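Q: First the structure, then my questions, so here it is.
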């Protein structure tokens, strides 16, 4: 279609029709001759501004701009109003013990308490000055006589080791303070006592000792010479009531104690030398009461 219109235009331009007012005999030449377009002319002057057009529609909102740089720290604002107390929170874990606080002020004086129990005895004080002589005492010499004595023998040989030797043959027993069933003397009065033993030995060595409340006071050793021999010992001891004294063999296989009622004895004896004077004074006071 476009090509057809272009060809038609060219044909019209090429036609040589004379002008209507052409004089007779005047040569005719076409007024319009189609040719190749010329070069564009220079731009014309700007035209006058047109009247403003109507406002266009409001466009869609643009995208948010980027965040600006962080500004400088502002001044501290005024304190706000105190808020309401929040709900009670859960109990926390127990903290460490704090440091001891400062001593508080002295409180008011309390009421007087009851008398407490007596305290323990204090240390021994210094010795005081000597007092004035007292009134003459009353002699009670011979008014109180306390007796304790025994002497016993044995009828068997070679007793067991480390046990009280049973001296079952009673020769004398003042006050019955020696017990022939146990072989022990039991103290009845506090005071000074004398003890002795004379032991016949034969066929074995002898190791015998005098015992006071489980402790050896004296020990005697005698060797077997093939003949009969006698081992002796004696001592003085202070005894308290219920103290016990006895004889025993203190070494294994050295129990050579020998007895033959027909011609040889082994003896254990003891007696009270004198009673403790404090004990006598306490007895005298009891008698006066």
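Glycine too: its Cβ is placed from the backbone N, Cα and C atoms.
According to Swiss-Prot:
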SIGNAL    1-16  signal peptide
REGION    36-134  region 'Disordered'
DOMAIN    38-139  domain 'Collagen-like'
COMPBIAS  48-61  compositional bias 'Low complexity'
COMPBIAS  63-76  compositional bias 'Basic and acidic residues'
COMPBIAS  78-91  compositional bias 'Low complexity'
COMPBIAS  93-102  compositional bias 'Basic and acidic residues'
DOMAIN    143-279  domain 'C1q'
Q: Counting by DSSP, what is the helix, strand and coil composition of the domain 'Collagen-like' (38-139)?
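A: Helix (H, G, I), strand (E, B), coil: 0 helix, 0 strand, 102 coil.
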Q: Near the compositional bias 'Low complexity' (78-91), which residues from the same chain, at least 6 beyond its ends, have a CB less than 8 A from one of its CBs?
A: none
